[in-house]
Amino acid sequence: MASWPPLELQSSNQSQLFPQNATACDNAPEAWDLLHRVLPTFIISICSFGLLGNLFVLLVFLLPRRRLNVAEIYLANLAASDLVFVLGLPFWAENIWNQFNWPFGALLCRVINGIIKANLFISIFLVVAISQDRYCVLVHPMASRRRQRRRQARVTCVLIWVVGGLLSIPTFLLRSIQAVPDLNITACILLLPHEAWHFARIVELNILAFLLPLAAIIFFNYHILASLRGREEVSRTRCGGSKDSKTTALILTLVVAFLVCWAPYHFFAFLEFLFQVQAVRGCFWEDFIDLGLQLANFLAFTNSSLNPVIYVFVGRLFRTKVWELYKQCTPKSLAPISSSHRKEIFQLFWRN
């Protein structure tokens, strides 16, 4: 689209070589220069916070020797997905520092982008599964048995990882490195074999990975909020509220954060599709979509490092688990000893 490097750093991996006859628009060089300077540092910051934060979350969930409840199973899988995702971000930071000249070879071009694409699906499907579980607990409590729900949660998580991996296969197959003589770089790009792939990709990206899950999330959380309002009088009589209410508050916050981070990305991805099929034209739209995709993409990336912060500041039960883990890992204080016994120990210690 633009005369800048034909690489849109998106988890949808929709970057392509521009057509030979594409109009070269260069109306925002200062903005691109700023992005090239700022984005690598921003990516590394996301990677650092996301790596430490999600490792911390996994340790809190997995170190105590006890069975995870259903919500914790889903949240642990979400943290694992975010952890795998942020491990690929340093490659993109180096790619931007290198003026979009991909230095890591064709295999890593495919693997890193495949991981990013899989994370997009795994994350949104896990958010749907979490919302559905809260819906069953609060709206249909009699129909949900804890043991059965735990088994279903494990199976659901396995299926989500498998489906996310399968949906990333086209990215793994179609991503490659290719020389771009006009820019004097070798870019990691997505090569779509036919124009029909543009439509198939936008259906996969905007409908399967966002609109359908969004409809499910809205349905489940609408009924969750209605159920919580119906229990408001009961919860007032309980000190601090029920355990289910605390867990639900955490999950609702995670859902809102996910939608805020990812909605702009899908909006600009749809605009990019409209530009590809020439439904919108002109240098204004080209620059607007190019820059918007870059910014929206990295707003989406922040979600992977934001979730651990939400656990700490919103998840009261999570903070309780952190404190319990701290006490478990901290050596217990020694029993007090008499002064005479202490004197005897010192004499034995200093004896030559």
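Placement of Cβ uses the backbone N, Cα and C atoms for every residue, glycine included.
What Swiss-Prot says about this one:
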- 1-41: topological domain 'Extracellular' (TOPO_DOM)
- ASN13: N-linked glycosylation site (CARBOHYD)
- ASN21: N-linked glycosylation site (CARBOHYD)
- 42-62: transmembrane segment (TRANSMEM)
- 63-72: topological domain 'Cytoplasmic' (TOPO_DOM)
- 73-93: transmembrane segment (TRANSMEM)
- 94-110: topological domain 'Extracellular' (TOPO_DOM)
- CYS109-CYS188: disulfide bond (DISULFID)
- 111-131: transmembrane segment (TRANSMEM)
- 132-153: topological domain 'Cytoplasmic' (TOPO_DOM)
- 154-174: transmembrane segment (TRANSMEM)
- 175-206: topological domain 'Extracellular' (TOPO_DOM)
- ASN184: N-linked glycosylation site (CARBOHYD)
- 207-227: transmembrane segment (TRANSMEM)
- 228-250: topological domain 'Cytoplasmic' (TOPO_DOM)
- 251-271: transmembrane segment (TRANSMEM)
- 272-294: topological domain 'Extracellular' (TOPO_DOM)
- 295-315: transmembrane segment (TRANSMEM)
- 316-352: topological domain 'Cytoplasmic' (TOPO_DOM)
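Most other Cβ atoms within 10 A: among the disulfide-bonded residues CYS109, CYS188, that distinction falls to CYS188. Under DSSP, CYS188 (disulfide bond) is assigned to a strand (E or B) in the three-state scheme. Each of 73-93, 111-131, 251-271 was scored by its Cβ pairs under 8 Å to the transmembrane segment (207-227), and the highest score goes to 111-131.
A C-beta separation below 8 Å, combined with a sequence spacing of at least six in one chain, links ASN184 (N-linked glycosylation site) to none of the other residues. DSSP places the residues of the topological domain 'Extracellular' (272-294) in helix, strand and coil in these numbers: 17 helix, 0 strand, 6 coil.
Contact count against the transmembrane segment (295-315) (Cβ pairs under 8 Å) is highest for 251-271, out of 73-93, 111-131, 154-174, 251-271. The average pLDDT computed for the topological domain 'Cytoplasmic' (316-352) is 58. Across the candidate stretches 73-93, 111-131, 154-174, 251-271, the maximum count of CB pairs under 8 A to the transmembrane segment (42-62) is reached by 73-93. Long-range contacts of the transmembrane segment (111-131) within its own chain (CB-CB distance under 8 A, at least 6 residues past either end) are made by residues 11-13, 71, 74-75, 77-78, 81-82, 84-85, 87-88, 91-92, 104, 153, 156-157, 160-161, 163-165, 167-169, 171-172, 175, 188, 190, 208-210, 213, 216-217, 220-221, 224, 251, 254-255, 258, 262, 303-304. The helix, strand and coil residue counts that DSSP assigns across the topological domain 'Extracellular' (94-110) are 10 helix, 0 strand, 7 coil.
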